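TrEMBL annotations:
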type	residues	note
TRANSMEM	12-33	transmembrane segment
DOMAIN	79-283	domain 'Heparan sulfate-N-deacetylase N-terminal'
DOMAIN	294-497	domain 'Heparan sulphate-N-deacetylase deacetylase'
DOMAIN	589-829	domain 'Sulfotransferase'
ACT_SITE	LYS598	active site, for sulfotransferase activity
BINDING	SER691, TRP793, LYS808, GLY809, ARG810, HIS811, TYR812	3'-phosphoadenylyl sulfate binding site
Amino acid sequence: MRFALAPYAPHGFFRFFRFLTILTGCLILFVIVKWRNSPDISSVPRFPPQRIPEYVCPCNLTSNRPIREPIFLPNEIHTESRALILVESIYSRHTKMIAQIFNATKYPHQLETFSKSLPDLITGERGRFSVIIVENYYKYLNMQSWNRQLIDNYSKRYNVTIIGFMTSKINEVYQHARMKGSNLVMWQNQKAFNLSFSQESLVPYIARPEVSIQSLIPDYEDWVLFEPQKNFETVLACEDAKERPRAAIIRDLGAEDGVKRILIGHNVSLWIVRLGLLDSLRFATQGRFGFSLDRWIQIDIDDIFVGARGTRMIEADVDALVEAQDRLRKEISNFTFMLGFSGSYFRNGDDNEDRADEKLIEMASKFYWFCHMFRHNHPLEHNFTYLEAIMYQNKMFAETMKIPVPFKYSISPQHAGVFPVYQELYDAWRNVWDVKVTATEEYPHLRPASDRRGFIYKGIQVLPRQTCGLYTHTQFFHTYPDGISRLLNNVFGGDLFSSVLLNPISIFMTHQQNFAHDRLAIWVFENLIRFLKCHTRLELRWTDPISSADRYFKMFPQEKTPIWSNPCIDARHRTILPPAFNCSNFTLPNVLIVGPQKTGTTALGQFLSLHPNASTNLPVNDSFEELQFFGGKHYENGLEWYIDKFSPSSTVFEKSATYFDNTEAPIQVFTLIPNAKIVVVLYDPALRAYSWFQHIKAHNDSVALSVSTMDEVLEADDGPLKKLRSRCISGGRYVYHLDRWLEYFPSSQMVFVDGEMFKERPPIVMNKLIADLELPSFDYHNVLRFSPSKGFWCSLTKGKMNCLGKGKGRHYEPMSETLRTKLNKIFQPDNAALQKILQKLHLPMPKWLRSSLYNTK
Ligand SMILES: Nc1ncnc2c1ncn2[C@@H]1O[C@H](COP(=O)(O)OS(=O)(=O)O)[C@@H](OP(=O)(O)O)[C@H]1O
């Protein structure tokens, strides 16, 4: 009776034949072909699954005491949400580990090496950093006194906590010492026993205070331990080898010198330190760095029918899978495995394995299923029509087998076509399954895993996938690649533990082989959860991928737009490139004239293209002849749209004056062309604002036309005029925008052009520019001439003057003295900051900058 209800008959040709009569014509053919082709093989012998011990929490967790919550007062925050990370070297292992934590959590940060000059800590009245991390606290203790004072005063004024790491120095002769300028006593090269987060401390949030860990594995003698003190709060308590009470993480309440600190006596290689750091960051930033305790976990079994005979699940494995799901539901609310299927491989194993496939179909409604291609095809090998056909084939399989596919979610075999994007895959997904969500490990790159991000392309939300340490062919504990201890480390505090800790949403990929033989996946996830539940207060949850994607992009809206990189420089991406993309024949610019607008960029671009070794893009009809790719509407057209516009030359440049003040442009440019030279024209911002005002008037902007002078715009304090005021001014706040470019590009790649000098004597400026761009010399005196009728310099080709159109070099009333004074005043702070930057970079100061600063004083 049981089988009478099933959509197939598992044994016996008669039953099978009876069942076939109710299948669609297409499926009849498919099943018959399959049945006839499968050789009459007996089953591959199996051994019972090998077991390894489960994790036992060293504490009974039934108490679940409520935690002491600090009260955060958001109105007391006068700093930006950004961490300053001061490191000894950007290349050190410890720096990389800290950076990985910040990258994975996406907490905004700025990494700086200890040097004579600190980065600016303040803009205007606002602090630029909400927490300061000192990677090597000894460096802070011994830093030059004026820098130390700068940091300490900043910390006191803005209530910013310093989090410092102290590690043991191997060759140090002393074992214990009093900390410089404090009563705190620290002990080096210690072993830490009976570690537990303090119940009294306000810092632990994710960390579960009632658990005491006898000793950590590996148990090195490299802790710095602190003697508990008055005015200091123990965050992570422990004992030393002589059973004396010590603190491994301690909070300095600031009673000694007014500076609040959290000192950590080990580097972040230990999971307990990572846990302590996360909670310290949350505490120090008044909750701004930190997610809730919720962690959403999705486990996909990517290819439920795909696998060679002998490696696949048998019936007992299917039972074990269902039982594991029931157990996991007790720990992860609503948990359900997600099964990805390619119908073509159904019943493709030995007899036992075929029965397991049948059982999975019988139990189909216990799981959620998601679609692949019918034959696990790599999308890049097929065009849209074929992709559509094989997706339909799989859809028919699902319908016939009554497989529940409730969510508009799909995964591409080997992630091919998801990133780098293959548009035909996205189109076929939408047409056949109306797919709304997928996931990949490849964006922006497979490694480091901590940098994985999501994006939205053609309306499909792509979530990052996390690594769980199981490979497609991992079936046995004893053959785990590089040994079982690697797997144990991964689960008990290693990468897998960190993935859940650092990512609010984790989507893990497994394969059916991981649930066969030793059923490693079941052990891995159950023990991960035991460990997480033991040491953290995280609430584990499951939700469907559509809700996860909505949640993800609400949390990280900045990731919605994909950031294109050059796929040809990533070895993995090269192997999964859309067929039209030819790595041996494409051109990207190596120079970008980024603006600002109305500073002479069009003339600069035109003059640069006179150089025989320089070429620029093909013209585009819209967007004022500029490509306006980065940060603009064309960006979503993808990389192919952009590279199509260039042809090879030793210097290929593009000029779009909209890039300079666009918030997205710097990271997008850097990701695609990190070695490009960035040309910025520095023109008097007062004149620039005036020119821009004339420009939009000439384009019949109704708000600009509603006033008789620009002075009225500057006086506006609400409504559309106020908006216009800020549009006039914002482009001229050079340092504000430059800061973003300098975050990505070293100053050696930035080329500054004096806009005033360019307007007056372009041949001299051009000769210098081509030298800066390392182009062969080319005397611009021979190709540029001043046109008295135009009132500007023009190019001279074959004896013919070629001036820019009437939109560049307009004729309008010169700026009044009162307007000039007002604008100078507005730009004074920005101009002063620009002067500082130019001095710091040892660059000459433009005449206009000197006089604007002088006149306003
Ligand atoms: N040789 C030459 N020919 C024409 N115009 C010149 C030249 N050199 C500098 N300028 C100044 O360039 C101003 C226009 O700047 P942009 O080209 O950057 O404008 S845009 O942002 O691309 O629209 C333009 O601004 P307006 O004078 O307000 O029209 C000019 O002052």
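From the backbone N, Cα and C atoms, a Cβ is placed for every residue, glycine too.
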Those recorded positions in LYS598, HIS811, TYR812 whose CB falls under 6 A of ligand 1, listed in sequence order
LYS598
Tell me the Cα distance separating LYS598 (active site, for sulfotransferase activity) from HIS811 (3'-phosphoadenylyl sulfate binding site), rounded to the nearest angstrom.
14
Reduced to three states, what secondary structure does DSSP give SER691 (3'-phosphoadenylyl sulfate binding site)?
helix
Might you list, by sequence position, any residue in that chain lying six or more from ARG810 (3'-phosphoadenylyl sulfate binding site) with a Cβ less than 8 Å away from its Cβ?
SER691, GLN694, HIS695, ALA698
Cβ neighbour count within 10 Å, max among the recorded positions LYS598, LYS808, HIS811, goes to LYS598
Determine the mean pLDDT over the domain 'Heparan sulphate-N-deacetylase deacetylase' (294-497), rounding to the nearest whole number.
96
If you draw a 10 Å sphere around the Cβ of TYR812 (3'-phosphoadenylyl sulfate binding site), how many other Cβ atoms fall inside it, taking every protein chain shown into account?
12
Other C-beta atoms within 10 angstroms of the C-beta of GLY809 (3'-phosphoadenylyl sulfate binding site) total 19
Under DSSP, is TRP793 (3'-phosphoadenylyl sulfate binding site) part of a helix or a strand, or is it coil?
strand
Please report the three-state DSSP label of GLY809 (3'-phosphoadenylyl sulfate binding site).
coil
Per-residue Cβ crowding (10 Å cut-off), top of binding-site residues SER691, TRP793:
TRP793
Largest CA-to-CA spread of 3'-phosphoadenylyl sulfate binders SER691, TRP793, LYS808, GLY809, ARG810, HIS811, TYR812, angstrom
18
Rounded distance in angstrom between the Cα atoms of LYS808 (3'-phosphoadenylyl sulfate binding site) and LYS598 (active site, for sulfotransferase activity):
9
The residue listed as 'active site, for sulfotransferase activity' -> DSSP, reduced to three states, gives coil
